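Undergrad: Annotations for this protein, taken from TrEMBL, read as follows:
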- H111: active site, proton donor (ACT_SITE)
- G14, S15, N16: N(1)-(5-phospho-beta-D-ribosyl)glycinamide binding site (BINDING)
- R67, M92, R93, I94, L95, N109: (6R)-10-formyltetrahydrofolate binding site (BINDING)
- 5-184: domain 'Formyl transferase N-terminal' (DOMAIN)
- D147: site 'Raises pKa of active site His' (SITE)
Amino acid sequence: MTRSRLVVLISGSGSNLQAIIDACQNNEVNGEICAVISNKADAYGLVRAQNAGIETAILSHKDYPSREDYDIELAALIDSFNPDLVVLAGFMRILTPRLVQKFKGKMLNIHPSLLPKYQGLNTHQRAIDAKDDVHGVSVHFVTEELDGGPVVLQAKVPILADDTADTLAKRIHEQEHVIYPLVVKWFSEHRLTMEADYAVFDNQPLPAQGAAYPE
Ligand SMILES: Nc1nc2c(c(=O)[nH]1)N[C@@H](CN(C=O)c1ccc(C(=O)N[C@@H](CCC(=O)O)C(=O)O)cc1)CN2
Ligand SMILES: NCC(=O)N[C@@H]1O[C@H](COP(=O)([O-])[O-])[C@@H](O)[C@H]1O
């Protein structure tokens, strides 16, 4: 089966990018990352991509007068790699409806909350401040509504009494690196559609290789 062409967008450390790089390199995912695009020149994820021999591009939003102008350029850059899937992995820019519509159904994002709770930023601290006992992470399709697209897979993580945003984020990151490659794998095997509702994993043991995806 032809490998899915992936373009990954980042703004920072790129640990989710690294998880997907590793999953592609060990053939857990039938995909190849054609390019990594960052809006930040100092994103460590660019180093991760270069170390893996993956083409990188920097497109700074600060170089454009408006969000629309930036997204026109970003859409053209993404398109130039002819992706089957666009993966937002810590990409910290809100995308305009025009760009979202161009890639709708083949653009995923990972968000550090159990959507629809805590859309937006600073989710870990907000969950702690609300005295929630459970938090988590969601992989969802990207739509015009910020963090409002159909959720594909979530992982739940308990909030411990002595948790800080940093200690909670560390445990959430661990689950991110499990579920994001899994969802990318399902997409590369043509098993996902925006129209379906998928299950939520309560961090149960993940399906055996090749098992059916959520009922
Ligand atoms: N149209 C959409 N765009 C984006 C989505 C989406 O679902 N629909 N997901 C986000 C990812 N994201 C949370 O998961 C997110 C990223 C960035 C922001 C934000 O407020 N960005 C600010 C700048 C913040 C900064 O530079 O640190 C901004 O764009 O002005 C909120 C949520 C990606 N885009
Ligand atoms: N709103 C988007 C958002 O906050 N995404 C979050 O950014 C981090 C990126 O880490 P990484 O650069 O190490 O993959 C991840 O925790 C991801 O959930």
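A Cβ is built for glycine as well, from the same backbone N, Cα and C atoms used for every other residue.
Let's see these features in context: how buried, what's close, how far.
TA: In sequence order, Q119, T123, V137, S138, V139, H140, D147 make up the list of same-chain residues 6 or more apart from H111 (active site, proton donor) whose Cβ falls under 8 Å from its Cβ.
The Cβ of N16 (N(1)-(5-phospho-beta-D-ribosyl)glycinamide binding site) has A89, G90, I110, E176, H177, Y180 as same-chain neighbours under 8 Å, each 6 or more residues away in sequence.
Annotation for M92 ((6R)-10-formyltetrahydrofolate binding site): spatial neighbours S11, G12, N39, criterion Cβ-Cβ under 8 Å with sequence separation of six or more. In the three-state DSSP reading, M92 ((6R)-10-formyltetrahydrofolate binding site) counts as coil.
Secondary structure at D147 (site 'Raises pKa of active site His'), taken from DSSP and collapsed to helix, strand or coil, is coil.
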Undergrad: Tell me the Cα distance separating R93 ((6R)-10-formyltetrahydrofolate binding site) from S15 (N(1)-(5-phospho-beta-D-ribosyl)glycinamide binding site), rounded to the nearest angstrom.
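TA: Per the Cα atoms, S15 (N(1)-(5-phospho-beta-D-ribosyl)glycinamide binding site) and R93 ((6R)-10-formyltetrahydrofolate binding site) stand 18 Å apart.
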Undergrad: If I take every residue in the domain 'Formyl transferase N-terminal' (5-184) and average their pLDDT values, what number comes out?
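TA: Overall, the domain 'Formyl transferase N-terminal' (5-184) comes to a mean pLDDT of 97.
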Undergrad: Out of S15, R67, H111, which recorded positions lie by ligand 2, with a C-beta less than 6 Å from some atom of it?
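TA: Passing the 6 Å Cβ check against ligand 2: S15, H111.
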Undergrad: Specify the secondary structure state of R67 ((6R)-10-formyltetrahydrofolate binding site) as given by DSSP, simplified to three classes.
TA: helix
Undergrad: May I have the list of same-chain residues other than G14, S15, N16 whose Cβ is within 8 Å of the Cβ centroid of the recorded N(1)-(5-phospho-beta-D-ribosyl)glycinamide site, in sequence order?
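TA: The answer, listed by sequence position, is I10, G12, S13, L17, Q18, A19, G45, R48, A89, G90, H177.
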Undergrad: Between N109 ((6R)-10-formyltetrahydrofolate binding site) and G14 (N(1)-(5-phospho-beta-D-ribosyl)glycinamide binding site), how many Å separate their Cα atoms?
TA: 13
